[in-house]
Amino acid sequence: MPNKKPSKPKPRSQDFDVATGAGGETHQHVPHEGPHHADGHLSTNQGIRVSDNQNSLKSGSRGPALLEDFVLREKIFHFDHERIPERIVHARGSGAHGYFEVTRSLSDVSKANLFQKKGQKTPVFVRFSTVAGGAGSVDTPRDVRGFAVKFYTQEGNWDLVGNNIPVFFIQDAMKFPDLVHAVKMEADRAFPQAGSAHDTFWDFASLMPETTHMLMWAMSDRTIPRSLRMIEGFGVHTFKLVDAKGKVTFCKFHWKPRLGLQSTVWEEAVKLQSADNDYHRRDLWESIVNGNFPEWDLGVQLFDQAFADAQTYDVLDATKIVPEDDIPVRIVGRMVLDRNPDNFFAETEQVAFCPANIVPGIDFTDDPLLQGRLFSYLDTQKSRLGTANFHQLPINAPKCPYLNFQRDGQMQMNVPKGRANYEPNSLKEHGEIGGPRECPVTGFASTSDLGKNVSGDKLRVRAELFADHYSQARLFFLSQTENEQAHIASSFVFELSKVQLEGIPARMVANLRNVDEGLAKRVAAGIGIDLPAKAKAARRSVEMTPSDALSIQKNMKKTLEGRTVGVLVADGTDGAELKKLRAGIEAAGGAVKVVAPKVAKVALADGSTISADGQLAGTPSQLFDAIAVVISADGCAALLKESAAVQFVMDAYGHLKAVGSSDAAAPLLKKAGVEPGSGVTKLGNAFVEAAKSRYFEREPAVRTLA
Ligand code: HDD
């Protein structure tokens with residue numbers, strides 16, 4: 001028998017009663033919390049207490065082991081089956097719980113319950129991910145980031161399964177398996193892991209001009225974010241909002257990070273892979289542990305059919321944005337992530353997002369990419385989680401009641417009562433359980449399309465406007481700062497330089513000539529090929545007005561909030577100077593991590609000792625947003641002999657970060673190649689101010705960009 005009576009999980013402060021908005025859980029189907037969840041006696045899964053968890057049952061002290069040992073067999077059996085198939089894409093992810101709060105009602109355009117009242121809160125679970133790499137791959141390759149949000153609304157679950165880029169590589173779900181095969185590790189050799197810089201991806205991309213717009217975003221700094229807390233999220237597709245009368249408004253969803261957008265520079269991203277494989281996962285986890293809850297605003301772009309009809313692009317084409325200058329983003333809510341998962345596997349791994357999960361008041365459009373997704377996700381969850389009952393897992397179950405006549409299947413956790421497993425039935429009239437009934441008024445009915453004629457000729461074609469693959473790619477490129485444009489050109493050069501098959505880079509550059517001649521020339525020169533003939537465009541481009549909203553650098557926030565300053569110290573450091581620096585940074589909302597050649601007993605000038613947060617050899621400056629060097633003349637002499645110390649400063653400078661230092665650090669800065677200029681300061685207020693920014697103007701002095 002279990003040593004403790006299984007009990008309903010206690011309500012947590014962060015969980016909401018979705019019916020009332022108050023705290024407390026309302027899961028309808030709460031699986032038993034097994035005895036292994038609590039402290040107490042160890043038992044088998046059958047509840048038999050285990051006397052010895054160290055030794056298998058043997059014949060004699062040296063064996064052989066006895067088959068009879070069900071304790072050993074059960075333990076090994078369960079262990080052997082711990083892994084489930086990883087996601088075909090987005091395998092590596094990090095999740096967190098939180099809530100969504102309405103800040104401005106959307107009741108004028110949507111009847112969705114979660115959007116009605118200012119202040120209304122809905123629990124959410126969010127999973128961020130990279131796309132190409134496996135579950136054990138690193139966090140910081142150049143890759144799109146998944147941004148999937150499950151809203152546990154009073155009317156059922158709504159999954160907004162988006163990315164940190166507002167467009168996609170392809171227009172039709174038919175091409176998704178090809179895209180994914182091309183970008184993932186190559187089929188015969190199983191490398192490269194987690195990156196797109198290889199033959200098959202660029203082979204596919206260069207043959208598919210519809211990828212061009214997304215490629216511009218993918219080659220920009222969007223795909224090398226500093227933190228998951230500093231990325232935007234997008235629903236990508238045009239969705240529909242539906243009001244109580246059935247009136248439709250088109251909608252694009254945007255998540256805007258409160259900490260502002262922030263990316264790394266490419267060389268830094270590469271080095272982060274060795275500095276910390278789990279850089280983003282750790283950052284997300286630690287920020288929540290420390291109470292610095294990541295936060296986003298939810299914005300919507302709303303437009304009608306007349307606007308859609310007047311555009312030079314098709315709003316059903318997922319390779320297109322609706323520029324914010326044309327339709328401003330209306331902020332309607334905020335999302336706060338305030339609780340880490342209790343268990344990675346049970347929650348982050350088993351969470352099953354399906355774009356098909358929507359609630360009354362939100363609806364799909366005919367976007368052919370979205371339409372394909374509506375099938376794919378449900379299907380994949382069955383193969384990943386092994387049963388059609390995956391919705392019963394606590395992380396997937398709605399927090400409102402769900403009742404229907406679906407029955408049985410593997411791993412059925414619910415125990416429905418009575419005979420009513422069909423409908424219509426009259427069992428209630430006989431005093432038995434009759435089961436649930438339809439709700440014609442409040443139920444989901446695809447109200448926007450219902451009754452509309454959707455017939456048409458059977459065709460395998462793309463709509464005409466979908467053929468313009470370059471206008472928005474050009475819009476994106478022209479909307480960037482000069483430095484961002486150079487980053488894009490350099491990324492193309494880097495990636496295409498890794499391509500070994502002849503002809504592929506030229507084919508890509510031929511496409512880029514349709515985006516911008518200057519960009520194409522820079523990329524061709526960077527990889528050392530002649531400028532190829534321009535690729536034939538299927539449709540003439542239109543010139544669109546550049547939009548500042550598309551640039552990261554034009555929207556960066558000057559702040560230390562959510563940022564960390566790495567402070568390099570050594571024996572002999574002035575403790576008072578260090579204390580003052582820490583106070584200044586913390587007052588500005590930043591965090592401080594002290595790095596020293598040894599972590600314990602760093603001897604300060606006054607004879608006292610402190611512990612460092614990181615040891616120099618394993619804590620490079622990639623891990624920080626800015627650095628300060630607080631050392632004495634003796635400390636400097638010691639650090640001059642440490643290549644890790646020189647590299648610490650050199651990299652921070654090369655990665656365009658603020659570098660502050662005490663006077664005695666001058667020889668170290670000199671050896672690291674630090675030149676006077678913006679972002680290079682003495683300690684004190686000047687440094688605290690400087691640490692709030694990156695110094696892109698320094699870049700020409702530290703590397704040649706394409
Ligand atoms: Fe997808 C996972 C985002 C197109 C098929 N996708 C997945 C995840 C995200 C996205 C964030 C991870 C969810 C999680 O954390 O569990 N996918 C997108 C976006 C797309 C997109 C923004 C384009 C707008 N996806 C797309 C298409 C198909 C799929 C066109 C297939 C027709 N996606 C899948 C999938 C995955 C998935 C194979 C893998 C694991 C999973 O679903 O749960 O079904």
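Cβ atoms are placed via backbone N, Cα and C, with glycine included.
Unlike curated records, TrEMBL annotations are generated automatically.
As annotated by TrEMBL, heme binding site applies to R87, R127, F176, R373, Y377, R384. The annotation compositional bias 'Basic residues' is assigned in TrEMBL to 1-11. According to TrEMBL, the feature compositional bias 'Basic and acidic residues' maps to 26-40. Summarising the annotation, TrEMBL assigns compositional bias 'Polar residues' to 42-59. Residues annotated as domain 'Catalase core' in TrEMBL: 43-431.
The average per-residue pLDDT of the prediction over the domain 'Catalase core' (43-431) is 97, rounded to a whole number. Non-local contacts of R87 (heme binding site) by the CB criterion (under 8 A, 6+ apart in sequence, same chain) comprise G93, S129, A135, T380, R384.
Residues listed for heme, R87, R127, F176, R373, Y377, R384, cover a largest CA to CA span of 21 Å. R127 (heme binding site): 23 other CB atoms within 10 A of its CB, across all protein chains. Counting every protein chain shown, the number of other Cβ atoms lying within 10 Å of the Cβ of Y377 (heme binding site) is 18. The most densely surrounded of the binding-site residues R373, R384, judged by C-beta neighbours within 10 angstroms, is R373. Remark: secondary structure over the compositional bias 'Polar residues' (42-59) totals 0 helix, 3 strand, 15 coil, with classes taken from DSSP. Its Cβ taken as reference, F176 (heme binding site) is surrounded by 18 other Cβ atoms within 10 Å in the chains shown.
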